[in-house]
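Q: One structure, as structure tokens, below. Some questions next.
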Amino acid sequence: MARGQEPLVARGPPSDGSDDIEEEDALLTGQRTSKQAPTNNSVLRSRWKDIALFTWALLATAAVIVLAVVYQHSRTESPRGDGKIGNGADRPSGKRNLIFMVSDGMGPTSLALTRSWRQYTEQLPYDQTLLLDEYLIGQSRTRSTSSLVTDSAAGATAFSCGHKSYNGAISVLPDHSPCGSVMEAAKRMGYTTGLVVTTRITDATPAVFASHVRRREMEDEIALQMIGDTHPLGRIPDLMLGGGRCHFLPNSTGDESCRNDDVDVRRVAGDMGWDYISTRKEFDGLGTNPKLPLMGLFAYDDIPYEIDRQYQGDTYPSLEEMTRTALDALSAATADKDQGFFIMIEGSRIDHAGHGNDPAAQVHEVLAYDHAMAAVLEFIKDSATPTLMVATSDHETGGLALARQLHPTYPAYLWYPGVLANVTHSASHTSHEYHDYLSASRLTSNMRGWLTTLLSESLGIHDPSPSEMASLIDHPALASYTFADMISRRAQTGWSTHGHSGADVNIYSSDPVAARRLVGNHENTEVGDFLRWYLGAEDEVEKVTKTLRKHLEVTDDAGEGKVWLGSVPESSERLDGQDHMDHYVGDHKKRGEHEGCEVLTFDHTQNDARKKSINHSFAARQLKRVE
């Protein structure tokens, strides 16, 4: 810098800090300081300055704490508004509809599986997602009171009652007392109500909204409660669409019935005013304003998997079709009423595909559910009544993984959606074809050739290994699981169980502002809490619970009193439905002491199923089963 040039930042006069440094140096060296001792006035000013700073800091801290509390309160309690959905209102006022969707057994990996499969089959870019992905707002934790891994009964009871319970409980608490459901409360408040499923209408998820039993397998009793015959509150649902006709037919009808008595539930329902349909033709004739109450049972047991149903569209309606019909019916029924409607719609057989470890069946089930959600969102867009959709799963099934290690060496990072694209039928349907072939007493000399054709046409498999063929021929009772494993190995999708897992599941909503209480990670009971809160049914649920507990006994047709909940289970009794697993595509998960068979083993490494022993009745039931 040139002499005399002023720097950009001119030096100021020495600060008091330099004097402090000189004083500190003098004290350290033992020298006398030139700084004079402070006067009384300067000491007093310093003390007042310290007091002022302390007071300011204290007030600032208090202000921060108050603001933090106010902010947190505003996060959990929505600000007041005019009650319209989507504006951040605390709770909508006036007439409104609530659509609750359940994807039974669908975990986050099921979404990834279906997303990649759809991108592959439709040649879509990698960022082309499912409709579901656009409405994700959170996740739910799923454990029950009896296990870290819930079943559908306890999982759905958390939705219907807002309480945890034991596996196998249908809207009853761990002490075996009934808990009022949100649908029961909504019905008493004047809402019109509905249930749409692809499994049996008496299965766990739909059952918890309109019945109460201590064991989920009490489907005969559930059927009577759901039509309002033995339910203390009378009829709860105004509309029921799904499968499970066998629980409504008297056992005198033979193979068409699965009841343990000769009660014709259809006749009882008809006497109570229900309109009953069971065929595709009757379904198509409903129009947009059918008579309620309406019960449509379109299958003896469960409606077939979507991958199989698509070839039987003239027999069974799809989940999307039933959803559209139900929404039109409920909307028409409430057009001139002060209250709207509440409906539960379930993609039921995602769960069954997981139980069967069948990835091809699962992608079609998830996509069918995605289409049903599209129908719901379309309805919401066009509805004159404010309507909210909330969706979640009760649990994950199968422990699905999009990777599989087939050998001891380090695996490649991949899986093959193209394998699933070649599959035209579920492993279950293919197994039934095989069993039909065997039961027809055909000569088995050409069985290998027949199986080779079946594998090629139904599963897109052209290279069965010798061990796979041997497994199918030697152990036909396990064919469904062998077929599913053949698909999974080639697609390199992994499964950890034929049962449920404890994974968190996703939460979705058509309006994340209206449903912002469910944004983030929550217990499944909080989903139930939200349903009650949104409908304004909290107090009514408590009233329903008290009423149910006052009427634990009803009088049957013979004039005798009976406990409609069923007896209290023994402490050692399994209540999660695993002793009634025929509905989950096979019996191999049953234990030997119940079925006269020993434990079955399945060697995935060699892809060869081996059973130590199995009685003839076991195999006979497998061959007799129909979809």
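Cβ atoms are placed via backbone N, Cα and C, with glycine included.
In TrEMBL, annotation is done automatically, which means it is predicted and not curated.
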Q: For the Mg(2+) site that TrEMBL lists with Asp203, Thr205, Glu346, give the additional residue from the candidates Asp90, Asp104, Asp436, Asp463.
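A: Candidate in the recorded Mg(2+) site: Asp104.
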Q: If I go by TrEMBL, the feature region 'Disordered' sits on one of 1-21, 127-147, 253-273. Which?
A: 1-21
Q: For the recorded Mg(2+) site, enumerate neighbouring residues of the same chain (Cβ within 8 Å of the Cβ centroid of Asp104, Asp203, Thr205, Glu346, site residues themselves excluded), in sequence order.
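A: Neighbours found: Val102, Ser152, Ala156, Val197, Thr199, Ala204, Pro206, Ser348, Asp351, Asp394.
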Q: Need the DSSP three-state call for Thr205 (Mg(2+) binding site) to compare against my parser.
A: helix
Q: When you measure from the Cβ of His355 (Zn(2+) binding site), how many other Cβ atoms are you left with inside 10 Å?
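A: A count of 24.
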Q: I'd like to know which of the binding-site residues Asp351, His395, His500 sit within 10 A of Thr205 (Mg(2+) binding site) at the Cα level.
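A: Of everything listed, nothing lies within 10 Å of Thr205 (Mg(2+) binding site) (Cα to Cα).
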Q: May I ask for the distance between His355 (Zn(2+) binding site) and Asp203 (Mg(2+) binding site), taken between their Cα atoms and rounded to an integer number of Å?
A: 15
Q: Round to the nearest Å and give the CA-to-CA distance linking Asp104 (Zn(2+) binding site) with Glu346 (Mg(2+) binding site).
A: 7
Q: Name the residues of the same chain, 6+ apart in sequence, whose Cβ is under 8 Å from the Cβ of Asp394 (Zn(2+) binding site)?
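A: Set apart from Asp394 (Zn(2+) binding site) by at least 6 residues yet with Cβ under 8 Å, we have Val102, Asp104, Gly105, Thr142, Thr150, Ser152, Gly155, Ala156, Ala158, Phe159, Thr205, Val505, Asn524.
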Q: Just checking, which of His395, His500 (binding-site residues) has the fewest C-beta atoms within 10 Å of its C-beta?
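A: So among His395, His500, the binding-site residues given, the one with the fewest Cβ atoms within 10 Å is His500.
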Q: Give me the Cα-Cα distance between Glu346 (Mg(2+) binding site) and His500 (Zn(2+) binding site), rounded to a whole Å.
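A: It is 17 Å, counting Cα to Cα.
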